[in-house]
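Trainee: I have a structure here, written as structure tokens, and I will follow up with some questions on it.
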């Protein structure tokens, strides 16, 4: 091998070593799109809302990034940030539930899988709940259910519209019935919110499944979804085995649900804030009065 070939091979190895297929990984300057294979400079991807500029694939983002996209700068005020899950059932599979909680808290910096609070969107008030898939797959346990219920109740008292950003594998099995009852609790709070003719919009992101889909994710006045998001209750394989037939390739995607009337609009992440602004104005939401 010549010296030139050696340097070329070395440069190639260094370049490839810095390419990541996971935009959430902190190391590496380059990210390879899992959909089309396009390699993008990480900073360019972030500035494009973590959407692939080549194919439009929406990469998964965390709750803080979601809030920054939706809320006006410095307007978000978090609620119930100290609520943390316990292990009432002393659940253990290969590892204890307590260990899994601790690991997720250390890995994400979150207490549990949702952040809730009040904010403004182009000066219009909004109650906001953002689920974070990094925390045990965004599963819904008692703390997630309690925080969402509380922010819905706050919105009802203040006459605020609500947006819940869904990203979840469903109910948290480690909490058993305590997890499942959150479906009814949140739904009940939303019914009281609706009784005051207030606007509720869920945003279904990839993935939204299980008990979340079977409850508050599908109760919105307007149901929004991100492109190609996986949305469903049971998994594709389970359904195919039960029905004993092949499902369409696009089954359980946002586009499939839009076509069949389960989703009202698919919103590109870059257009989310402007879309929310239009919807809030259409529904008569007034701008907050600024006080000194």
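Just so you know, glycine gets a Cβ as well, placed from its N, Cα and C.
Feature annotation from Swiss-Prot assigns domain 'CoA carboxyltransferase N-terminal' to 29-292; the stated evidence is sequence analysis. Marked as zinc finger by Swiss-Prot on the basis of sequence analysis: 33-55. The annotation Zn(2+) binding site is assigned in Swiss-Prot to 33, 36, 52, 55.
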Trainee: Average pLDDT across the domain 'CoA carboxyltransferase N-terminal' (29-292)?
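Mentor: Summarising the domain 'CoA carboxyltransferase N-terminal' (29-292) by its mean pLDDT gives 96.
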Trainee: Count the residues of the zinc finger (33-55) that DSSP assigns to helix (H, G, I), to strand (E, B) and to coil, and report the three numbers in that order.
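Mentor: DSSP classes over the zinc finger (33-55) add up to 6 helix, 4 strand, 13 coil.
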Trainee: State the count of C-beta atoms found within 10 angstroms of the C-beta of residue 55 (Zn(2+) binding site), not counting that atom itself.
Mentor: 12
Trainee: Tell me which residues of the chain lie with their Cβ under 8 angstroms from that of residue 33 (Zn(2+) binding site), as long as they are six or more apart in sequence?
Mentor: 39, 40, 52, 54, 55, 57, 59
